[in-house]
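Visitor: Handing you this structure, nothing more for now.
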Amino acid sequence: MPLSPKVYTWLCGLFASLGSIIFGYDLGVIAGVTPASDFQRIMGPKWANANLQGLVVSILVLGCFFGMIPVAYAADLLGRRVTIQIGAGIYILGGALQTGAQNMSMMLAGRFFAGFGIGIMSDLAPLYQAEIAHPSIRGRLTTLQQFMLGIGAFVASWITFGCSAGLSGQAAEWRVPLGIQIIPALPLISFILLLPESPRWLAEKGRMDEAQATLARLHAHGDINDPFVVAQMNDIQADISKSKEIGEASWSELFTVPSNFRRLSLGYILQFSVQMTGVSAIQYYSTTIFKTMGFSSTRILLFQSINSIIALIGEAACVIWIDATGRRIPMIVGNFVSGMSFVVGAILMARWPGTVNNNAAHYIFILTTWVFNFFFSACIGPLSWAYPAEIYSTRTRAKATAITSSGSWISNFFIAQVTSPAFLHIGWKYYLVFAICGHTKFVVILDAFCADLTLAFRSALFIWAFYPETTGRRLEGRPSALR
């Protein structure tokens, strides 16, 4: 019995999201392997330097930034599938270097190459998903990026927890978790070409018959005369004809054409500001953060593993409800709750640190982390990838999403690099960075005994005022507010 079009499209999008499992695994695994005594021995005396600790974490994101640079050229020249395949190959090289690392230099090289591959895959996965999806399921399909990322982080957390408990002190305690990261890249590099190519890319290359056949296969059981398929092809052809009149998209016109610059600004601001919620600080340094509250190493890894379950639940909820709720409301609600979580966390860290005997306060701190993680995963993280992929034209989409992604990587690198020395030197006060600069932009005045809180709601209001709804619209039928 042939698969229904929606099931087939879902399976294609799901397979393309394997790169997100890889990304999530790398985000989760590093926090679990760096405390291992044998890992620190292999890294050598330099590991005592907080800046170098930060570099081991953040160089992955630096690799992601450099990886997204050639994406626009490769995706337009070679297609979406081949470019994803190249990214998977580079990632496997990076994973192998990390697993076999004999010193810090080898680990840094492995992290960089892994990040380079992730930068390619994570940039193209939501773009590919958006280009093959029916408008009625596009939100759910593109938010698979974050859901699969959550699966990767979930697997990494429990593997590092198990290896820490069962292989403590051995090389396998950290080499096994790092080696496992290669596994999901193997089917991706082997079978990605079995997926249909993006019909919009095929049409852009003048392969109209193939584009229409692909649309029919994805949405109409192969019927090229289906009304939806015909309407989609007409939209795509009109978009491409208009683009050809203007010529090939240049990088400069993304900044000089007002409608293009408006879309680019919205996408870039969204991606950049997501990291300022503090999500990367928690992902990379949860073991350090929880340690300041007086918890043991085993309990910390357990909390981290539970955190990954909560994130996965939030991401699953987003996949289920996103096409019903739209894009704007979840982002506004998620930003508000996420900022409040850091405000409460900062108060708890300031008044009841690990040196103070108050178990209730310490566990409430863990709870605030879980609340933040749920709302980030359900409302902010998935949409930061889905929304930009929906607002660009076929002609500019590859270049624009590459620039948009750079906002995430730049801010991610910054947070990953400064978090370790920041906690070393200013401790709980670092949490105020996210309370103030996060999406909700709370203005917080906090002293040792009380907290005076003013809520500005600036980012939530910014989303309400400037981000149009994209739910249910064809990619070629963008809101007039974006033109």
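Cβ coordinates are placed from backbone N, Cα and C, and glycine is handled just like the others.
The transmembrane segment annotation in TrEMBL covers 7-32, 52-75, 82-101, 107-127, 147-168, 174-195, 300-322, 329-350, 362-388, 409-431, 443-467. Marked as domain 'Major facilitator superfamily (MFS) profile' by TrEMBL: 12-471.
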Visitor: Where else in the chain does the transmembrane segment (7-32) make close Cβ contacts, counting only residues six or more beyond its ends and a cut-off under 8 Å?
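Guide: Residues 56-57, 60, 84, 87-88, 91, 114-115, 117-118, 121-122, 124-125, 128-129, 132-134, 137, 141-142, 144-157, 159-161, 163-164, 177-178, 180-181, 184-185, 187-188, 191-192, 195-196, 217-219, 283-287, 301, 304, 308.
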Visitor: Please figure out which one of 82-101, 147-168, 329-350, 362-388, 409-431 racks up the most CB pairs under 8 Å against the transmembrane segment (174-195).
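Guide: Most contacts with the transmembrane segment (174-195): 82-101.
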Visitor: May I ask for the residues of the chain that lie six or more residues beyond the transmembrane segment (362-388) and have a Cβ under 8 Å from a Cβ within it?
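Guide: Contacts with the transmembrane segment (362-388): 122, 126, 130, 138-139, 142-143, 145-147, 149-150, 266-267, 270-271, 274, 277-279, 282, 286, 289-290, 293-295, 303, 306-307, 310-315, 317-319, 322, 327, 330-331, 333-335, 337-338, 341-342, 344-345, 348-349, 352, 354, 400-401, 404, 408, 439, 467, 470.
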Visitor: Among 52-75, 107-127, 329-350, 409-431, point out the range having the most Cβ pairs under 8 angstroms from the transmembrane segment (300-322).
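Guide: It is 329-350, which has the most Cβ pairs under 8 Å.
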Visitor: Checking distant contacts: for the transmembrane segment (107-127), what same-chain residues at least six beyond its ends satisfy Cβ-Cβ under 8 A?
Guide: 16-17, 19-20, 22-23, 26, 42-43, 55-56, 59-68, 70-71, 74-75, 80, 83-84, 86-99, 101, 142, 145, 181, 185, 188, 385-386, 388-389, 397-398, 401-402, 405, 409
Visitor: Using a Cβ distance cut-off of under 8 Å, indicate which of 52-75, 82-101, 409-431 has the most pairs with the transmembrane segment (329-350).
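Guide: Going through each listed stretch, the top one turns out to be 409-431.
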Visitor: Same chain only, please: residues at least 6 beyond the ends of the transmembrane segment (409-431) with a C-beta under 8 Å from a C-beta of the stretch. Say none if there are none.
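Guide: Contacts of the transmembrane segment (409-431) (Cβ under 8 Å, skipping residues fewer than 6 from its ends): 50-51, 53-55, 57-58, 60-62, 64-65, 68, 119, 271-276, 278, 280-281, 284-285, 288-289, 292, 342, 345-346, 349-350, 353.
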Visitor: Restricting to the same chain and to residues at least six past its boundaries, which positions have a Cβ under 8 Å from a Cβ of the transmembrane segment (52-75)?
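Guide: Distant Cβ neighbours of the transmembrane segment (52-75) are 26, 30, 34, 43, 46, 82-83, 86-87, 90, 94, 104, 107-108, 111-120, 122-124, 127, 201, 280, 284-285, 398-399, 401-402, 405-406, 409-410, 412-413, 416-421.
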Visitor: Give, as a single whole number between 0 and 100, the mean pLDDT over the domain 'Major facilitator superfamily (MFS) profile' (12-471).
Guide: 81
